[in-house]
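Worksheet: one structure, shown below.
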Ligand code: G6P
């Protein structure tokens, strides 16, 4: 059957990650006949988007593929007629992320881009914007798929599901990174490894690992406990306690360090903030040098320097998913979708991150069954935080926001929750009109 060629709209096109996405499109052009890519960004990102646009044109010319490239500030034009809308924007830019990291640290609380109060602040800024984008999709491309990478990816996808009609799937590079790292330590190919993944975004466990049908979960846990490389570029590699891993009986994701090794991670964050700066402050410097490289007119491929960012494999995660939907592959992916009974401990409309079968119809999660008590408590608590955050972000509801922070396991005390929340509202004033406070 002849299928129509594809139009992709990339919202946040000026991101330094975009060349990885473009490389992924070029590599799959036979399977995914992309005819148009429309990058959109905000006016303040004009310079970055122009650099990305020029590099993209060089990349596709070098590869000899024919794709119509557009770059504009006209979101509606980008969305009109799109088959897939990819969201990878950052409201407030890296400065807002740096604030998210520094505010909690001031009160002795983890300051991180996506978990704890940092992720909370990012969600408050992001949710109103993504809902606006969804209104445009509903009107201008009602059949399009929204693939959301914007963090906190699970929580943001839950807001989209609850408040719009858009067909949305949330995506993260952690599951594919876990697969790569586990395959490496087990000395097998990523394809030989099967993982049963379930949890929430950035709180994902591989409950079982198999190679060739043999359960190797305990072996993996032992290797992680023995110090096998197991982290992302943006998370410090705090060693895992082997006894704890054995007791846990499931393979945690690198982000679990914030929840299970909070003191050590906090100490790392404080030390980094005082010496080289928070992660956002470090990334600002990396971004500058990346964009300097991208400007080079002789550059026509994705530079390896991009690998110093935490988002490795994000292009594979999104394009393999598009491949599966477009070509109706019915293949397995780890995605963020509505639970619908896959984890009986959670409500049906809670967005979870889990293994799912993906085809032309979208993503259907594989049932994992009731989570063990050792895991379900943390999941329920973080999900409660997420549900409250969505409500707070949509309705500008201070009480819900405060209760979200009070439910977050990384916030130890409501007096700190209040101080942090008030600082967040103050510093993000321009991005949080829904709260109507000064
Ligand atoms: C990880 C996460 C992403 C996040 C990225 C940040 O890979 O899974 O959700 O965006 O790190 O990386 P950065 O280089 O910006 O710190």
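The backbone N, Cα and C atoms fix where each Cβ goes, and this holds for glycine too.
Record features, source TrEMBL:
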| type | residues | note |
| --- | --- | --- |
| BINDING | 97, 151 | substrate binding site |
| SITE | 113 | site 'Increases basicity of active site Tyr' |
| BINDING | 172, 202 | Mn(2+) binding site |
| DOMAIN | 197-411 | domain 'Glycosyl hydrolase family 4 C-terminal' |
When DSSP is mapped onto helix/strand/coil, what comes out for residue 97 (substrate binding site)? helix
Summarise the model's confidence over the domain 'Glycosyl hydrolase family 4 C-terminal' (197-411) as a mean pLDDT value. 96
Listed in sequence order, the recorded positions within 10 angstroms (C-alpha to C-alpha) of residue 172 (Mn(2+) binding site) out of 97, 113, 151 are 151
Compute the C-alpha separation of residue 113 (site 'Increases basicity of active site Tyr') from residue 97 (substrate binding site), stating it in Å without decimals. 6
Alpha-carbon spacing, residue 151 (substrate binding site) to residue 202 (Mn(2+) binding site), which is rounded to whole Å: 10
Restricting to the same chain and to sequence separations of six or more, state which residues have a Cβ under 8 Å from that of residue 202 (Mn(2+) binding site). 114, 115, 119, 152, 153, 154, 172, 174, 253, 255
Number of Cβ atoms other than its own within 10 Å, given for residue 113 (site 'Increases basicity of active site Tyr'): 24
